[in-house]
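J.: Let me begin by handing over the structure; questions about it come next.
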Amino acid sequence: MVATTSSGGSSVGWPSRLSGVRLHLVTGKGGTGKSTIAAALALTLAAGGRKVLLVEVEGRQGIAQLFDVPPLPYQELKIATAERGGQVNALAIDIEAAFLEYLDMFYNLGIAGRAMRRIGAVEFATTIAPGLRDVLLTGKIKETVVRLDKNKLPVYDAIVVDAPPTGRIARFLDVTKAVSDLAKGGPVHAQSEGVVKLLHSNQTAIHLVTLLEALPVQETLEAIEELAQMELPIGSVIVNRNIPAHLEPQDLAKAAEGEVDADSVRAGLLTAGVKLPDADFAGLLTETIQHATRITARAEIAQQLDALQVPRLELPTVSDGVDLGSLYELSESLAQQGVR
């Protein structure tokens with residue numbers, strides 16, 4: 001189940017400029033739920049009859065697990081139907097297959113490329129040239145963005161990428177440096193120029209998933225600063241796993257200082273027909289103080305995000321573990337905040 005929430009900070013919501021974006025890259029510190037949020041975002045963007053591609057680049061088969069489908073092959077398959085007739089397809093990019101596709105596309109090495117795979121040359125090439133891996137991944141992503149159907153219209157209305165975590169996202173997107181380390185010209189260089197242009201355009205937005213905890217927020221702040229220095233477009237910060245405050249602001253402030261009106265609490269319980277033993281009642285008061293302290297600390301951390309002046313979305317806690325149903329609930333929460 002998904003709980004209602006308030007983080008204590010003011011949520012800016014989804015600005016209209018993001019509604020025209022076609023490439024959404026979702027990153028976040030490990031453990032913040034970035035894969036879950038990427039999946040929910042894809043469902044939201046697909047609502048209303050749109051067609052969205054959800055891309056995985058780290059080989060973990062996380063998309064398959066989230067949508068409860070078999071492991072994904074290296075091809076685009078429908079995995080979900082969105083609200084009002086939309087469709088979400090998924091692609092788990094296999095780096096070796098992408099390399100062979102690249103060799104066949106630019107060098108006509110179809111048969112030779114397959115032979116390279118059999119002798120392990122593909123794995124060898126991507127290992128000794130780490131930048132090549134990111135060039136191939138971003139190149140494939142760009143191809144899905146620009147691909148047209150027989151009517152010369154984009155095949156997909158939007159592409160959502162479950163991108164590498166914040167600690168690696170800048171390097172992953174720094175295609176210019178990766179290519180300069182690999183080639184000064186030729187097909188690799190030419191293709192990468194198109195990737196760079198797309199990543200720095202208003203067609204792209206990078207969304208950072210975080211929790212209202214010190215380490216995730218600090219890593220988010222550092223990643224935003226690094227991405228801004230690279231002049232890459234920041235879309236939003238998505239605060240995941242918020243918890244409800246339950247208390248009015250004035251009561252919350254007092255409880256955080258250890259002040260709880262025990263008589264009022266007991267009277268309220270009795271009015272509701274609840275009578276607790278003294279030990280249980282004392283435990284309830286202790287939990288109230290602990291909860292208020294936690295909410296207050298989260299609100300203080302949220303102030304660091306306020307200072308960014310970056311659009312912020314807030315998502316509630318999924319209490320019983322993430323399943324397909326909770327993905328749709330999170331998607332609805334995003335839609336209520338203007339995501340479209």
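The backbone N, Cα and C atoms fix where each Cβ goes, glycine too.
Just so it is clear, the model here is predicted, and its values are computed rather than measured.
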J.: Determine which of Asn202, Asn240 appears in Swiss-Prot for the same ATP site as Gly31, Gly33, Lys34, Ser35, Thr36, Pro316, Val318.
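T.: My reading of Swiss-Prot gives Asn240 as the candidate in that site.
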J.: When DSSP states are folded down to helix, strand and coil, where does Asn240 (ATP binding site) land?
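T.: Where Asn240 (ATP binding site) sits, the three-state DSSP reduction gives strand.
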J.: If you count Cβ atoms within 10 Å of the Cβ of Thr36 (ATP binding site), leaving out that atom itself, what do you get?
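T.: Cβ-Cβ neighbours of Thr36 (ATP binding site) within 10 Å number 23.
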J.: Can you tell me how spread out the ATP site is, meaning the largest CA to CA distance among Gly31, Gly33, Lys34, Ser35, Thr36, Asn240, Pro316, Val318, in Å?
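T.: Taking every pair of listed residues, the largest Cα separation comes to 15 Å.
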